[in-house]
Amino acid sequence: MNHLRLIIKREYVTKVKNKSFIVMTILSPILMIGLFSLVAYLSQLNEEKERVISVLDESGMIQDVFKNGDHISYNILENMSLKDAEELVKQTESYGLLHIDKLNNVDSVSGHIKFYSEDSPSLSVISNLESKIEKRLENLKLQNKGVDIGMIEAAKTKINIVQESFEGEKTSKIDSVVKLVFGGLAGYLLFMFIIIYGNMIMRSVIEEKTSRIIEVIISSVKPIQLMLGKIIGTSLAGITQFVIWLIIGGSLLFVASAIFGIDMGHMQSPNQQMMQQAMENPEMNMQIQDVLAAFYHLPIANLIIAFIVFFICGYLLYSSLYAAIGAAVDNETDTQQFVLPVLMPLMLAVYIGFFTVIEDPHGTVSTVFSFIPFTSPVVMLMRIPFGVPIWQQILSLLILLGTFMLTVWFAAKIYRVGILMYGKKPTYKELIKWIKY
Amino acid sequence: MGNILEVQGVSKNFGSFTALNNVSISVPKGSIFGLLGPNGAGKTTLIRIINQITMPDSGHVFLDGEPLNPLHIKDIGYLPEERGLYKSMKVGEQALYLAQLKGLSHNEAKARLKYWFDRLDIGDWWHKKIQELSKGMAQKIQFVVTVLHQPKLLIFDEPFSGFDPINANLIKDEILKLREDGATVIFSTHRMESVEELCDEITLINKSNKILDGKLIDIKRQFKTNTFEVGISTKKQDVLEQELSEKFQVSSANFKSLGNELKLNIKLSDNDKPNDLLSFLCNHGEVSHFVELIPSVNDIFIQTIQNN
């Protein structure tokens, strides 16, 4: 045990003190946040520009709806020909000219509304105009048929179906979204963690081989101790890096939004504008409450415990394979052939997670893959927020644990033989043979 | 005295390949024991078995009378042929780490390292990284790390590779000193001149079998051919050579000398006495050179392997 502690300590300290590790740890959140802020800032600049749209409404039916807004103001032109209007718009350098033909009949609008501009107009501007005109025309048509608009407004109803499980637990659409976010986040985190730090372990094993220190070490400690020490030490360094990223990222985000005064949800796109409109609704406040409620509905204790257990087992399962690959080859270029088959079940798990679990968290496919050991950590983590029976979790965990031990045993065998083999890249057949040594 | 290491009937197969076939060796306490053999003979496998890196398929290994067990790791110091150090780690940290893996406490390791670093005059390397050192310098560190925990049994696989002659000599003296202090040394090398110089006992392994072992001096006796190298000045060289070849097996010899004498290798039969040859020669000319040819380890090695 003393040896294991020493190895873990060395692995951790050398990783953490490594220059490129430090640079990556500090720089990547700064770069990410910097980039994000830049994009947000630029799009804000874009949005702040006041746009003037000239409107020539020869029908006179629609122009009332064009009220000056935050970033768009309308210049209503009257009593001039289209040609003059165009000239005027060009001279005043306004954003564009909306021209509505003389209409006799509200039904024959199509082809009579045009937008002229120097450059092609932004999508959001056009959709904004379209929705205004559509609304106006709808109302006009209804009025023509003798319908009272007031009555229609009064008749509008908003429905939100209350969902309740047989056990009396209330759920809602928001619930599903929150669960999805949590499950997705957990699964994706595990995926990223395995790829980043699995590779780090593999490189560290290869380093010991190429520097030829391995035999010196192996004469003092058991290979499996070295392997486990490496995995644990590297993982601790990984956790340290993740936590620092979270802290730096969080505080930078805070600082950046304070300095630039950027409302992060404010980036311009038609969708987001709609969201913004919705935000102003009182309904939205209700929804925020729903989100909070959904958060409380999550099986928090189960989620945390399952996250820790599945994360650790899943990560160890894969990282021991990475360690075995590192031991089997001499240099990093030879790893490709072996990394791919390890990566495939992992990718499969993420795809299943994001496509199938979202669709039907308790369907056959989701359930089956949450038992198969190489995909279960990711898929199960994504399923758990939706409520998975405890027996399923335990069964899946037992299968995972069994496979984990088998894999570590297998990896340790390969590792034990591989670290002392130099010179040539082994074939799969040779790897199998090594197990018998 | 007894044996520090007993290897009894050890065999090891890798798949269908036999690396060691029923090999037994006994290493006496306090000796320098040469483990010789051509490439791929199984030396490294045997050394790895002694170091508990590889487990034998059959056979037993005893260290100081006890069956080999994990506690013995601290009693053995191993300098592998394929050796190296962490390139980006500082010398001091690295040496401390490796010493601690051998069971030394942090403080003890530090004190001993200080002693060794002073002794080899490398104290100012402590904060350097291995990649800043030359190969020979790194080898010195490696040597220190191997002997630091004062093991009873030292195993050196090609210890002098990477050293210039001065440093090689330095290391050789250190090895001899360690032996004086009570350590036993197993020494595996292809440099026969250092075997000649250092080893008391040798074992020769070829194609996974032991084919020769014993005290170096006994082996040499066993391999000597009663041949004498002779240099003699006489006016009638042809006549003398003719006379000699009637009595003994004679072939021409080649050694450096100042004169222009007749140079011969003369092989005596078991009944002949060297003194008789010498007095015969003295009667026929001026003897400038008379040496018994002792087989070198190199000759023994080549001869044994080729006959095998």
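Note that Cβ sites are derived from N, Cα and C of the backbone, with glycine treated the same way.
Remember, TrEMBL labels are computer predictions, not curated facts.
Look at TrEMBL and you will find A:19-412 tagged as domain 'ABC-2 type transporter transmembrane'.
According to TrEMBL, the transmembrane segment annotation covers A:21-42 (among others).
What TrEMBL records for A:180-201 (among others) is transmembrane segment.
Marked as transmembrane segment by TrEMBL: A:242-262 (among others).
The annotation transmembrane segment is assigned in TrEMBL to A:294-318 (among others). Long-range Cβ contacts of the transmembrane segment (A:294-318) within its own chain (Cβ-Cβ under 8 Å, at least 6 residues beyond either end) map to 169-172, 174-175, 177-179, 182, 186, 189-190, 193-194, 197-198, 231, 235, 342, 346, 373-374, 376-378, 380-381, 384-385, 387, 390, 393, 397, 400-401, 403-404, 407-408.
Residues 180, 183-184, 187-188, 191, 194-195, 202, 318, 321-322, 325, 328-329, 365-366, 369, 372, 374-379, 382-383, 386 of the same chain, all 6+ positions outside the transmembrane segment (A:338-358), place their C-beta atoms under 8 angstroms from a C-beta of that stretch. Annotation comment: TrEMBL describes A:338-358 (among others) as transmembrane segment.
Below 8 angstroms of C-beta separation, residues 223-224, 227-228, 302, 306, 309-310, 313-314, 316-317, 320-321, 323-324, 367, 370-374, 376-377, 380, 384, 435 of the same chain, each at least six residues beyond the ends of the transmembrane segment (A:390-412), sit close to that stretch. TrEMBL lists A:390-412 (among others) with the feature transmembrane segment.
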